[in-house]
Each structure stands twice: as structure tokens, then as C-alpha cells.
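According to Swiss-Prot:
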type	residues	note
BINDING	S50	D-glyceraldehyde 3-phosphate binding site
ACT_SITE	D85	active site, proton donor
BINDING	H86, H178, H208	Zn(2+) 1 binding site
BINDING	D106, E136	Zn(2+) 2 binding site
BINDING	G179, G209, G210, S211, N230, V231, N232, T233	dihydroxyacetone phosphate binding site
Amino acid sequence: MAIVSAEKFVQAARDNGYAVGGFNTNNLEWTQAILRAAEAKKAPVLIQTSMGAAKYMGGYKVARNLIANLVESMGITVPVAIHLDHGHYEDALECIEVGYTSIMFDGSHLPVEENLKLAKEVVEKAHAKGISVEAEVGTIGGEEDGIIGKGELAPIEDAKAMVETGIDFLAAGIGNIHGPYPVNWEGLDLDHLQKLTEALPGFPIVLHGGSGIPDEQIQAAIKLGVAKVNVNTECQIAFANATRKFARDYEANEAEYDKKKLFDPRKFLADGVKAIQASVEERIDVFGSEGKA
């Protein structure tokens, strides 16, 4: 099935009580790891680029083409959406033009009426090309490539108004944050999530900041209507830990490792890339999307 819009498989997740993963990529190796995991688990997946990651990779067109070409060259058979994560209005429009198949417009830092107005414009332009759209109400705590949110509970009326713009899935603040969770974090507000899903029956909710939330809370949120869970920090930490360990081992066995030419970046980064894949596969298991392709 390969490259697709995310609308159908996210809605299928909502209708059938599981969630799909939205995994952020940063480069070629990251993308390969996510694709290998999705193919191994036969799970639909969104490969996401933040604005900063896309810039690092050479721009939206380069990032889009990298993902699409890897899907083809690796023989990937599961549904893959190429998704913009937390995009400003101008970035959303650019991604629509260069061939992303799913867009998140994040206007949660704007006044509500402006957020709704711009979201509707993005929906009109994206849907004209068969591209799915995610938008956000109630800022998610933490920082995501320059968008800083203090974290709040998404107002129910704002959520209903956003859905009326025609978006396909909704990111809503329910006590979640980006990045590592502090020790004094109080957990997801599942009562508020239930109120949201009761007000929006059958509509897919997106859980941002999925890294670090206890599995039982994620699964409880899925039962209440979360159909997409974003993961980034968790994979970054897994990659960093595995790469650091390899570097320490290299330092302790430098002559041996040099003889084996383990300074080759393809070998030097291999453990880190494997750690990303393992992390993605484990998240797919938790979300319940294995075998749902």
C-alpha cells in the first residue's frame, strides 16, 4: 500500500480501539529504523518531521523524497503517511505543495479564532489534494522546535469548533507534555479526555508527548478515544544510550575496533539504529497496532 494519507488508517484505529504511532525522524538511518519496525510488525505508521528536523535534513522536499524513496527501495508494504509535525501555517502550505500526505497545523499558540480560521484554510488546501489534517487546541506542555506550550486542558468548546473546520484528527491537551516528564508530573487527565470524546463521538484524538507516559495510562487513553500517539524523545534517548555505550566500548578497545574498521559510521551508528527500531516495535505493541496494516 505504501505512501498514503493518514485519514483512513487513523480513523480505523479509532473505530477499532487501538492507536497508530506517529514517529519523528531526523535522518536516513532514523527513517530506515522506523520503516523496518513498521514492516516487521505489519503496522500502519506516520513518519513525522518537525520543522526543525526537516530543516536539518535539507528542507521539506528533501525530507519527503527521502522517506518516499526509502519506502520504495526497502519494499515497504504497510501504509505509511509522511506527516508534518507541529507546523506553522506557511510550513503547512509548503508541505502540501511538496508532497507530504498528512499535515499538522499547529496554531495553538495563536488566539482561538485565528487558530480556527487558519486551520480551515489548511483543511481546504490539503483536502483538495487528498492530504489528511491534524490540528491542536489546548497547548501541549514543553517545547517542540520553538513552539513552547505551558500545557493546559483543551477547552471542550474549542475542540468542537476545531473539529467543525473539517480536520481529520485532533491533538488536544490533557496534561501531556513534550520531552521527558518531570518526577512531579500528575499524569494524564483521563476524566477530561472522556469529556472530550463524549463531546466528539467517534472522532480520533491524538496524544502528543507519548514518550515517558506509563503504558497503562496510554492504553487507558486509547480506550477513551486516542487513535494516534506521537513518539520522539523515547527514540532519541534509545539511540543516544546505545551510541554512547558503543563509543565507550570503542575507547576501551580502540586498537581492536580500528582493525575491524568500526569507525565506519555505518558500523559506528548501527547499535543506535537498532535501538530505535526496537523502541518503535515496542511502542507498536503497546498501542495495539501490530497486524493492522
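Cβ from N, Cα, C; glycine included.
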Whole-number Å value for how far G209 (dihydroxyacetone phosphate binding site) lies from H86 (Zn(2+) 1 binding site) (Cα to Cα)
12
Could you tell me the C-alpha distance between D106 (Zn(2+) 2 binding site) and H208 (Zn(2+) 1 binding site) in angstrom, no decimals?
12
Inter-residue Cα distance where the pair is the residue listed as 'D-glyceraldehyde 3-phosphate binding site' and G209 (dihydroxyacetone phosphate binding site), in Å:
13
Distance [Cα-Cα, Å, rounded] between H208 (Zn(2+) 1 binding site) and N230 (dihydroxyacetone phosphate binding site):
5
At 10 angstroms around each C-beta, which of the binding-site residues S50, S211, N230, N232, T233 has the fewest other C-beta atoms nearby?
T233
Cβ neighbour count within 10 Å of H208 (Zn(2+) 1 binding site)
30
Say you check the Cα of E136 (Zn(2+) 2 binding site) against those of the recorded positions D85, S211, N230, N232, T233; which is nearest?
D85
